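Quick notes on the structure that follows.
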Amino acid sequence: MSMKLEISFAPSALIEAGLVLSLKEAEATLPAGAATVDPSGIFAKAAATAKFKAKAMSVLDILAPTGSQADRLIVIGAGKAADLVDHDWLRLGGVAAANLKGSEAVTVFLDADGLTITAEGVRDFAIGMLLRAYSFDDYKTKKKDDDDKAPSAVQITLVTAVADAAERLFAAEGRAVVDGVLLARNLVNLPANVLGPVEFADRAKALEALGVEVEILTETEMASLGMGALLGVAQGSVRPPRLAVMQWKGGAPEGQPIAFIGKGVVFDTGGISIKPAGGMEDMKGDMGGAAAVIGLMHTLAARKAKVNAIGILGLVENMPDGNAQRPGDIVTSMSGQTIEVINTDAEGRLVLCDALWYCNDRFKPAFMINLATLTGAILVALANLHAGLFSNDDTLAENLLKAGLSTNERLWRMPLGKDYDKLIDSKFADMKNTGGRYGGSITAAQFLKRFVGDTPWAHLDIAGTAMASPKDEINQSWASGFGVRLLDQLVRDAYEA
């Protein structure tokens with residue numbers, strides 16, 4: 001189960017029984033708080049014995065020194081100050097959280113010699129702790145043996161000279177980011193029998209408590225709008241589709257909104273073009289794009305972002321029954337363009353094309369960004385270390401790449417072009433939904449591009465990063481919540497008033 005961490009901030013602290021964590025810069029002699037924590041100077045001996053060099057994210061765990069009230073002392077290496085980047089404070093917080101087991105009271109000294117720590121860095125350290133503390137075991141009926149010994153909550157005190165400013169920042173922004181990421185992770189981790197399109201739409205509706213305006217379009221309403229592409233995907237499932245439309249109005253009333261659209265295929269069998277059985281259980285995560293969008297909208301509303309933002313979720317289930325869409329079917333999208341369905345497992349783009357057109361037609365946004373676990377081809381190209389970025393606008397793309405570097409939710413820009421676009425021309429309709437074996441992630445993006453007009457647009461293919469990505473300092477869960485921090489940073493950096 002997730003550890004419950006209750007974090008406070010203080011400029012100083014008296015050490016009582018419990019765990020003490022201290023940061024240490026690689027070239028400094030002593031860790032943070034050494035005069036308080038280590039009056040007998042045992043750290044230097046322990047570090048020499050263990051050959052501890054305080055490399056970034058390394059840990060030295062020692063018994064508390066004589067004269068200290070603490071039970072344990074853990075020193076976390078920060079590496080060389082010159083090598084630290086913004087997202088390293090998140091990682092350091094994650095390392096700290098990974099070493100809390102069994103502790104009820106924890107004091108963390110952050111102001112190490114050689115480090116320049118800001119309120120933003122402390123905020124990010126706290127965020128990293130909370131993200132690392134997350135786990136998903138809601139459906140386990142038997143606890144691990146050590147769960148019974150775990151405290152109901154761990155009291156964390158972050159000790160730093162910038163405590164007051166950090167506390168204000170965390171309250172205003174940090175908690176909102178954590179809650180948005182964890183919302184996205186929870187949704188991706190949930191089994192599909194629990195989270196169908198209707199249930200997902202209900203989760204969107206719950207954002208009304210934060211001041212988000214939410215509309216849920218039913219199957220009938222989508223049919224009246226001509227969303228034949230989205231509805232074609234849904235027709236094989238007994239679970240009806242939904243389109244969730246969320247509006248956060250934090251900017252000027254006349255301000256042009258920005259828009260985020262998420263693919264929400266709550267389970268993807270592939271339809272008639274059915275997937276192999278091996279690994280199909282992971283297709284409960286094929287709504288990772290929609291999860292990121294709802295997490296982002298939660299974050300923007302919770303921190304009262306000064307921006308007008310639209311979030312749209314296309315929510316369907318792709319199943320193979322007697323009413324399912326067939327290869328060779330031709331559907332008419334909301335745009336009026338016709339699509340030959342070559343492969344029913346290329347369904348995400350069919351959902352997104354109607355959602356994109358609806359968004360552009362109704363809201364006239366300044367830009368649209370869609371997120372989707374869209375293609376296996378992006379995994380072949382980029383593994384699960386970068387998400388694919390496709391865009392028709394260089395400024396938007398550069399802003400996204402910058403936010404990716406800042407948050408370590410990394411993107412790699414992929415090509416688009418007329419020669420790729422020709423690959424999705426159809427003999428029988430305006431286009432087909434797959435372009436063949438080669439360049440699959442690119443032809444999928446070219447398909448989406450046909451539905452955005454001249455509006456600045458970016459497509460993030462997060463098939464490799466939304467789930468089953470490598471575990472790291474801030475995430476040990478199958479679901480990552482990828483996209484929430486990235487897009488929140490994008491809004492902060494470039495689009496918030």
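Including glycine, each Cβ sits where the backbone N, Cα and C put it.
What Swiss-Prot says about this one:
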ACT_SITE  K275  active site
ACT_SITE  R349  active site
BINDING   K263, D268, D286, E347  Mn(2+) 2 binding site
BINDING   D268, D345, E347  Mn(2+) 1 binding site
Quick one: what's DSSP say for E347 (Mn(2+) 2 binding site), helix, strand or coil? coil
Given the Mn(2+) 1 site residues D268, D345, E347, which other residues of that chain have a Cβ within 8 Å of the mean position of their Cβ atoms, reported in sequence order? V233, V265, T269, G270, G271, S273, K275, M283, D286, N318, T344, A346, G348
Just to be sure I understand the packing, how many Cβ atoms besides its own are within 10 Å of the Cβ of D286 (Mn(2+) 2 binding site)? 28
D345 (Mn(2+) 1 binding site): tally of other CB atoms within 10 A of its CB: 20
With an 8 Å cut-off on Cβ distance to the K263, D268, D286, E347 Cβ center, who else from the chain surrounds the Mn(2+) 2 site? V233, G264, V265, M283, M287, V316, N318, G348, V351, A372, T373, L374
D268 (Mn(2+) 2 binding site) has its Cβ surrounded, within 10 angstroms, by a count of other Cβ atoms equal to 26
Cβ contacts within 10 Å for R349 (active site), all chains included, total 28
Measuring CA to CA, name the entry from the binding-site residues K263, D268, D286 that ends up nearest R349 (active site). K263
Count, for each of the recorded positions K263, K275, the other C-beta atoms lying within 10 angstroms of its own C-beta, and report the residue with the smallest count. K275
Cα distance (Å, whole number) from D345 (Mn(2+) 1 binding site) to K263 (Mn(2+) 2 binding site): 14
Listed in sequence order, residues with CB under 8 A of E347 (Mn(2+) 2 binding site) and six or more positions away: V233, V265, D268, G271, V316, N318
